[in-house]
């Protein structure tokens, strides 16, 4: 293609799945470019070795598979959870938060290998194309970015399958013997889209769920756990200090075994259309509940309410791909400042898809049983003071009412 005629070497974000395997071959045959593959170990597990073998089979000499799990949780997931970020009220941004990290490594590898461009397998209809490219341009304004879904002649996954067969590219099959759902997975979540899920009126088949058992089949006995926090980040489970990635993985196990973290969502994509996805975020769902609980006793009301007002904008920035933007960093600075005293321990009961907070304690707690007690507070609070407080706050309301009565 003439627009890429000067590109000699490309770093491809490679999962080993259908789209990126075909993109790899397409870059070789249509552009004549040397391809370097980068696969991020974000906690997706068995996807990694097949990706290496496919890349080797397709003649790739430079294959980068990097374990970025600790970096992912420490530098991306945990900062996001300090904000209690959810998009459109429910989505914990599991796919969104991984994209800037992948772009960061693509840019680093391009510099290391002398590549002219980077490439990704995001479609021209989705959010990921925006997330990958905004992040990449923020880190290297001169980088060339190839997005084959916007350039090639393929219009459907059926055509991709035909191309794969023509070039003897192996494609994974799901339990139905068909091409698999469009799947994204990392240590925070998994998502499934496409096929029967494109009809939002139909319940997702049980076999779509990869990370959790059904709440109906979860144990009849509740699981009790304690999560410890320091400066807004989870640092321990049941008193055992763990690294960020290890801690999230352990929460995933608790969530999986108790049917926690399933979400069937129709969301508003950045490009303007609505899409339906099935998400599983077992550990993240537990972590969010615990973090909000420890904040409830350690954050001042004004700070907590302002933080809640900022959260939708912060979540939207991540969803839209503006992780490396100045406005996200400004919000992060404010959020991180609010977390200085967010420490302590939260006790949770996990039962059949539910996360219930049953206890919270902190050396920095603002909760005072002497103030709120229904018993004798020994003069800690004079209830007569409330009368003046109420009169002052009622002044404008009484003035309005008097005017309207005329």
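Every residue gets a Cβ built from N, Cα and C, even glycine.
Matching 40, 85, 138 to the ATP binding residues that Swiss-Prot gives (13, 14, 15, 16, 17, 18, 19, 20, 21, 121) identifies 40. Swiss-Prot names 91, 96, 127, 131, 182, 267, 279 as L-citrulline ligands; from the candidate set 191, 296, the record adds 191 to that same site.
Here residue 123 (L-aspartate binding site) comes close to 19, 129, 149: these same-chain residues lie at least six apart in sequence, with C-beta atoms under 8 angstroms from its C-beta. Sequence-distant contacts of residue 13 (ATP binding site), defined by Cβ-Cβ distance under 8 angstroms and a gap of at least six in the same chain, are 20, 38, 40, 102, 106, 118, 119, 120, 121, 132. Note on residue 267 (L-citrulline binding site): other Cβ atoms within 10 Å of its Cβ, all shown chains, come to 18. Within 10 Å of the C-beta of residue 128 (L-aspartate binding site) we count 23 further C-beta atoms, all protein chains included.
Of all the binding-site residues listed (91, 279), 279 sits in the most crowded Cβ setting, with the most other Cβ atoms within 10 Å.
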